[in-house]
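Working notes for the structure below.
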């Protein structure tokens, strides 16, 4: 039974990362790994690939005629290697893919977000409501990106921005997503160190192996570096569906421990916890009202999937009733379902972790559970192994994005550049993980800066610019009628997006400052 559970856990976060693809076709050994290269052909369409954790990994796919693509990829399936199934993915499969895309390692920090605001058990209900509210706003901006892309005939986040604001300013989007990849790489290294050191403690390993930094150094050199040097990453997406089961198992395990009282005073694991890690409730936050920005930033980081919105819209199979409006309506239902499922899982894990440990909840909630808890050990081992296979997928986005920003994309296919960039970036990111240990603070900082930009500021800016251009095109002055005006609902949406963009700027500044100080 434990072996079966372990198999379900093998791809925990790989599910979220593989869903961001949502597929990883193999690449030729010496292909040009260049996200800024001219658009490639997917079937009979020319598609620009967005720079994100997943799409950057497959940015150098080769062109193929429509007939060959149809023969090689007969159908899109969840977690399969059909990342370019344009118009072939069903609404049900897309809903599950989207929920997997959203639920990742970020949910393991949400309990610490509540603890940053208050240690009272009564804080769970407001925190859950805040999570649902932010989830709804994130779902709206996710749908908005698809709508703006459809209106402007673009197929990726970056392409939409470049068309509306110019190619030069698109570097801002590139840099933002590179920062996200950097934060994710450091977060992954922290999780690897913490999880494997805890498993080593249970196995009675010698003292040197009980240190997280020892595992970070050893696995970086022996495992992560060879994986990151691979040109073909298709085999690393094997655990997408199993990873979904692993995520659900972890959520179920946390709910079970919250209800069975094992960590409450007098419980069988209470005595195994250190004084600082024992559950405690009551009291407020030393950060004052600004502490809410930490929770908002963590939730934003947990819901960050927006760079894939145009890609997922493109891959969604159109409804029988033709027309862009019908497909947009279907996509909105997919978004509602995907974000709804993600909200339920995230809220369950957030409240379960806080209900168990209260103000003692750490930035990586699995660290709170006793080393002797066999279910927690399975969760740790599964998450650790899944992160190992997820790390290269994120790393490709980081490496190719940085080379693109430096203008070295033409050299990316050279073995010396490929190997040199891999070694230096891996050393830099995992070197930071040897010093930065607060996963919650890192996730909050990433959510405040990157999440606010990609979820609130950039989508609102693109909508406003698109609306301005549309109004200019439709502005017709007829004799005796005067100038036309936007419909009332459009004026309200324009005002709402001004507020959304302003809110994102405030959250980025305030949340980033609070998160940088830690809690």
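Even glycines carry a Cβ here, placed using N, Cα and C.
Among the residue ranges 99-121, 237-259, 260-282, the one that TrEMBL annotates as transmembrane segment is 237-259. According to TrEMBL, the feature transmembrane segment maps to residues 170-192, out of the candidate ranges 55-77, 170-192. Ranked by number of Cβ pairs under 8 Å to the transmembrane segment (287-309), the listed stretches 212-230, 330-355, 375-396, 442-464, 495-516 are led by 442-464.
Residues 91, 94-99, 101-103, 107-108, 110-111, 113-115, 121, 123-124, 127-128, 131-132, 135-136, 138-139, 142-143, 146, 247-248, 250-251, 254-255, 257-258, 299, 302-303, 312-313, 316, 318-319, 361, 365, 368 of the same chain sit 6 or more residues outside the transmembrane segment (330-355) yet have a Cβ under 8 Å from a Cβ within it. If you look at the transmembrane segment (495-516), the same-chain residues 6 or more away from its ends with a CB under 8 A from one of its CBs are 137, 141, 144, 287, 290-291, 293-294, 296-297, 300, 441, 444-445, 447-449, 452-453, 455-457, 459-461, 463-464.
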